[in-house]
Structures are given as structure tokens and as C-alpha cells.
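Input: a single structure, listed below in C-alpha cells.
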Amino acid sequence: MAACTLHALSVTLFLLLFFAVSPAKAQQPYVNNHQLACEVRVYDNITNGFTCNGPPSCRSYLTFWSQPPYNTADSIAKLLNVSAAEIQSINNLPTATTRIPTRELVVIPANCSCSSSSGGFYQHNATYNLSGNRGDETYFSVANDTYQALSTCQAMMSQNRYGERQLTPGLNLLVPLRCACPTAKQTTAGFKYLLTYLVAMGDSISGIAEMFNSTSAAITEGNELTSDNIFFFTPVLVPLTTEPTKIVISPSPPPPPVVATPPQTPVDPPGSSSSHKWIYIGIGIGAGLLLLLSILALCFYKRRSKKKSLPSSLPEENKLFDSSTKQSIPTTTTTQWSIDLSNSSEAFGLKSAIESLTLYRFNDLQSATSNFSDENRIKGSVYRATINGDDAAVKVIKGDVSSSEINLLKKLNHSNIIRLSGFCIREGTSYLVFEYSENGSISDWLHSSGKKSLTWKQRVEIARDVAEALDYLHNYITPPHIHKNLESTNILLDSNFRAKIANFGVARILDEGDLDLQLTRHVEGTQGYLAPEYVENGVITSKLDVFAFGVAVLELLSGREAVTIHKKKEGEEEVEMLCKVINSVLGGENVREKLKEFMDPSLGNEYPLELAYTMAQLAKSCVATDLNSRPSVTQVLTTLSMIVSSSIDWEPSDDLLRSGSLGN
């Protein structure tokens, strides 16, 4: 009896100490990108979940970005093991099957609890079935892609009995979702709930606090942050005093086209007697100028009807035209020249397409490129030019360029897409003037025999830049477009090694009315970058770009070309496709050693093997034979952003902490 009493007292004392000491222990440590290094075990206290330092269970909230196929309350509820009715109610949805727009933030009510099986961490349990429909899934892809970092690969590995190489279709995995209950300190401060928010691109602590009607101080303290630095796609706990409601917010899209801001008219202070007088004077002057310009235009038109040829000499400041061309389009200069255009729709389209572009004289381009000399040749029919002291690239195209290509290039405004600045047509040859890329193409860096090499961080940033450009093409311009010709020679690098995609000659409108699928009999492109469904059946979808992007990523990882021809005995040749090689690298045994052998030798050991493995898995999914198994560009961008974020903090010594499980 005494022994039982003593045991009961011991248990009571332990519980009292646990609940008395834990709240004073501070709040919850921020994961800080450690969730990306699956094999690093030294951060288990952070990556496995939020510590049980409050009540054993509570009402909590998660956030989830709507993304097909999880874009209804019903589908999200099944994925996260929560109530569809509660999701519908809190997010003001008409029905549980109402489609939620892609990238819309969804608030998820969830029951959070602490149990002995969790290892002392708060979590909300979900179950995920490896169906095999999405290719080779891993703990990393399930936690960070499917569940959008609401779990971690470390937590899943610790609570599932299957090894990384044992994951096969049909298995059910426990997915511990990160949640937490308020500590005594937070409760005393008036906070009743904790919400797990996934940091979006461009988010700040103050912005998150404002979004959820919380405070920066509460978020900083609640996540044990020592600075304002938070990383994209990492979970942050947001203390709330009331239950959250629908949040109307979307991730920041690419910057809109830059529009010149009209000059602001100074406003006279109240009581100024001259303000209205000067307005009337200004209106009178404007009307007079408009009348004068109209008269001059009429005279100019009559003069042109009598003499259609251009004057033999032009003012120096207006030497932007090719005097020998038979087509001319008004420019942005002070004098506008008009030459007879044919009545064809293509000519009309070309005229409207380049009205906002600078129109160059052929003689000026000759001078700028040293008469298109070999010394100025960059590659093929592209020449380096110096125009008004600035470098430019002039692309020579035999024949007239299409108005659709010019129209597309003119409206593209993204930092990762090469910018068209000017234009010239002479005797059936078109000259396109682009911004200059000081560091050439990634093909020059990866496949040349020189000593120059790209660092790991440069490579992952290049991959992300290209994904940003494709995401812009597929999702942000109207109508959406497919590049259709992505390859390493068309990925250019500026002076800061930021990537810009070029060569839009075969770009095609993505017709959403045809369910993102088109057919063609004219298959064109470079071997090694063409998706099998395009080569075999002429199928065109946005996944065509995803496939080519995957090949480019494999080039960045390995330094190899998309296609390698091996000479064999008796004159035979063996063609090796990089998109096929990766399957043998990541399959079977000794993955770690095979991956090391696959990596570009010029990198040496200066890269994080775990992140290289994750990037290789991403590339492998992009080049999947089945187009439905390939991720969308948006999904690709999400994973790459996490890899880039983690690579920023990586140091070579970090790999000493990693285990050898990749070779298992």
C-alpha cells in the first residue's frame, strides 16, 4: 500500500513539474529549413514536431494552399483527415465540392494532441496512400510537396517502419501534421489558438501578423525567433486571440509590366487665386498644340501621297530606320515616318506589334556589330553589338519574323525572360535586338572544355530562375504560352548569373479550351529535350516544357549533354539520353555512390548530397514517360525554392553530419 502511495505521489509530482516547468521553457523553435535535410538527425527536437509544453490537446488551425487535385473542401479534408464541413464553413464555400481557385489560402480546423506514441510532440495525424500515380514518391516529396511542409521527412521517417527504399505503391503512411497548443504564458497573454502558417514568397513577420490579426512580438516569441529572417515554405506558428476566418490572399505573382507613371501635376495650396487661371491657360495651350499637330499631319499626309519614297537624309537624332526597307512602322521618336504597307493581315499585325519598339537603321546595326563580323559573332546568327555605349545582342533571321512572335516578345516582362528592345527589316531579313547576356548560355559553362565552372548555389538558382520564367508563361500572361523549345543553349546568364530564357520562335498559345492538350503533325526541336508523347503522337501540353526543363536540370547536376553519342567498335554508335540515365542512377542499390558518380566532376565535393538527391528526384519526375506523372511548373517551383533556400545556408562541413542511408 505504501509502495502504491509512493508511486502515485511520484507520478503526481512528475506531472506537476512537467506542466509547471514546460511553459516557462519558452515557446516552439522555428524549423529554419532543417526539414530539407532528411538524413540529418541532430535537429530531431525541431524537425520531428512542436514540443508538448502546454495542454495535452486543443483546437488548432492549419493552412493549405489550394492546388489540384486538392482544391475542394472535400479533397483537402480527406488528405488532412479533417472535417470537410468545417473547412467549407470557415472558408465561406458554397459546398464541400466547390472548386477553390488555385493558390488560394485555405484555413483548416484541426484537433491537435500530444501522445506517448508521438515522442513528446504535438501533432494531428493523417494517412497517405502511396498509389503510384505520381511516380516515385519519397518521404521528402510527400511531406514537402503533397502536404506542403505541414509535416517533415524526419517526422515521417521516425513514425513509419518503412525505410526510404521500401516505399512502394499501396503502402499507407502515417503523416504527423505540425500543430501546437498555447502555452500557459500565451494563454495568460490572451491567446487561445495557434495556427500553423506556411510562409509564402515575400512574407514578413509583420505581414503575417497583420494578415491574421496577431502581433509581430507574439509570432517572434512564439517561434523563438532571434531575427526577422523566415524562409519560404516553412511553418510558422501564429498565436490567435479568436478563431480565424477566411483569409483573402494569394502568393505574390510575377511583377506586372512596368508602366510609366504620369507626371503628377502640382496642386496649389487652398486659397491660391491663380490655380484655375493656369489650368485654363494650360488647356488653351494644349488645344492650340493639338490643332497645330493636326495641320502638320495633314500636310505630311498630302506630301507622302505625292512622294512615297523616303527622303535621302534624315535628322541625326532620328536615325532609327532602315532606309532601304519597304516596311516602316511609327517609332517612339519625335518624327514618325510611314511607308506603304501591304494590306495583308500579317503586315497589319506586324505594324501593331512593334509600335512600342525601337526601329533601328540597318546601317546603325552594321556599325554596332562591326559589319556583323566573326569577332562579334556570339553563336550562330547572333552578334554582339554596342549601341549608344550599351551592349546588345542582334539576332539575324532570314525572312520576315512573324507578328505573333513579336507580339509575344513585346508583352513579356519578366526578369528571367530575355527582353526584346528593337527591330529592323531589310531586304527580307529580320534583325531582332535583345538585351545582352554577359555570361552566355549555361551550355557554354556546362559543356565547354574551358576551366570555368558554375557553383552549386549558382546552379540551383539558375534552375529556379528558369522555373520562374516558365511559371510566368504558363500561368500569368494572357493567353498562356508554351515555350516549346527549352534547352541549355536557350538559357542565358546575365552578369550576376541570373538565368533568362530566350528563343521564342516556336512558342505556342496554350489553349485552355482544349483541356491543355493540342495535336500537331509538325514535330520540331532538339533531340534529348523532346517529350515522348510529342515525338510519337504530336501531343502538345504544358508538360512539354516540364520535360525539357527536367533535362536542363539534369545537365546542371551532371555537366553532361542531353544526348551523348558513344563510338563503338566497327563504326557503330550508341546514343545515350540523359533523361534515361537518371532512372538507373536513382534506382536499385548504392544510390549514394551512383549519384556521386553522376554529379558534375567540376563541382568536386562542393555540393550538399542530400539536396542534390532531392533535385535529381525532381528532375526524374519531370522527365517521366507518362506526362500525367510529371509535376506542374508551379509544383516544380515550390520544390526548387526550398532547395535554393536551404542551399543558401549550406556549408561543405554540413555533409559530415549526414548518414549513408542513400546507399541502402
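Each residue, glycine too, has its Cβ placed from N, Cα and C.
Worth saying up front: this structure is predicted, and the values here are computed from it rather than measured.
Residues or ranges marked as ATP binding site in Swiss-Prot: Leu357, Thr358, Leu359, Tyr360, Arg361, Phe362, Asn363, Asp364, Leu365, Lys395.
As annotated by Swiss-Prot, compositional bias 'Pro residues' applies to 251-269.
Positions annotated as disulfide bond by Swiss-Prot, on the basis of similarity to another entry: Cys52-Cys114 (among others).
Per Swiss-Prot, disulfide bond is recorded for Cys58-Cys181 (among others), and the stated evidence type is similarity to another entry. In the three-state DSSP scheme, Cys58 (disulfide bond) falls into the strand class. Just so you know, the Cβ of Cys58 (disulfide bond) picks up 19 other Cβ atoms within 10 Å once every protein chain is counted.
Summarising the annotation, Swiss-Prot assigns disulfide bond to Cys112-Cys179 (among others). All protein chains shown were included, and the count of other CB atoms within 10 Å of the CB of Cys112 (disulfide bond) stands at 25.
Residues or ranges marked as domain 'LysM' in Swiss-Prot (evidence: sequence analysis): 195-238. Residue counts for the domain 'LysM' (195-238) under DSSP, helix first, then strand, then coil, are 14 helix, 8 strand, 22 coil.
The N-linked glycosylation site annotation in Swiss-Prot covers Asn45 (among others).
Non-local neighbourhood of Asn81 (N-linked glycosylation site): His124, Asn125, Ala126, Thr127, each in the same chain, at least six residues away, with C-beta under 8 Å from its C-beta. When secondary structure is read from DSSP and collapsed to three states, Asn81 (N-linked glycosylation site) falls in the coil class. Per Swiss-Prot, N-linked glycosylation site is recorded for Asn81 (among others), and the stated evidence type is sequence analysis.
The N-linked glycosylation site feature in Swiss-Prot is assigned to Asn111 (among others). The Cβ neighbour count for Asn111 (N-linked glycosylation site), using a 10 Å radius over every protein chain in view, is 14.
Note on Asn125 (N-linked glycosylation site): other Cβ atoms within 10 Å of its Cβ, all shown chains, come to 18. Taken from Swiss-Prot, the feature N-linked glycosylation site applies to Asn125 (among others).
For Asn129 (N-linked glycosylation site), applying a Cβ distance below 8 Å and a minimum sequence separation of six or more within one chain yields Gly170, Leu171, Asn172, Leu173. According to Swiss-Prot, the N-linked glycosylation site annotation covers Asn129 (among others).
All protein chains shown were included, and the count of other CB atoms within 10 Å of the CB of Asn144 (N-linked glycosylation site) stands at 24. According to Swiss-Prot, the N-linked glycosylation site annotation covers Asn144 (among others), on the basis of sequence analysis.
Marked as N-linked glycosylation site by Swiss-Prot: Asn213 (among others).
As annotated by Swiss-Prot, region 'Disordered' applies to 251-270.
According to Swiss-Prot, the feature topological domain 'Extracellular' maps to 27-277, an assignment based on sequence analysis.
Per Swiss-Prot, the feature topological domain 'Cytoplasmic' maps to 299-664; the stated evidence is sequence analysis. In the predicted structure, the topological domain 'Cytoplasmic' (299-664) carries a mean pLDDT of 79.
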Integer Å distance between the CA atoms belonging to Asn144 (N-linked glycosylation site) and Arg361 (ATP binding site): 53
Distance, Asn363 (ATP binding site) to Asn144 (N-linked glycosylation site) (CA atoms, angstrom): 56
Asn363 (ATP binding site) in three-state DSSP notation: helix
Per-residue Cβ crowding (10 Å cut-off), top of recorded positions Cys114, Leu357: Cys114
Rounded inter-Cα distance in Å - Cys114 (disulfide bond), Cys181 (disulfide bond): 9
DSSP three-state assignment for Cys181 (disulfide bond): coil
Helix, strand or coil at Asn144 (N-linked glycosylation site) [DSSP, three-state]: helix
Other CB atoms, at most 10 A from the CB of Asn363 (ATP binding site): 15
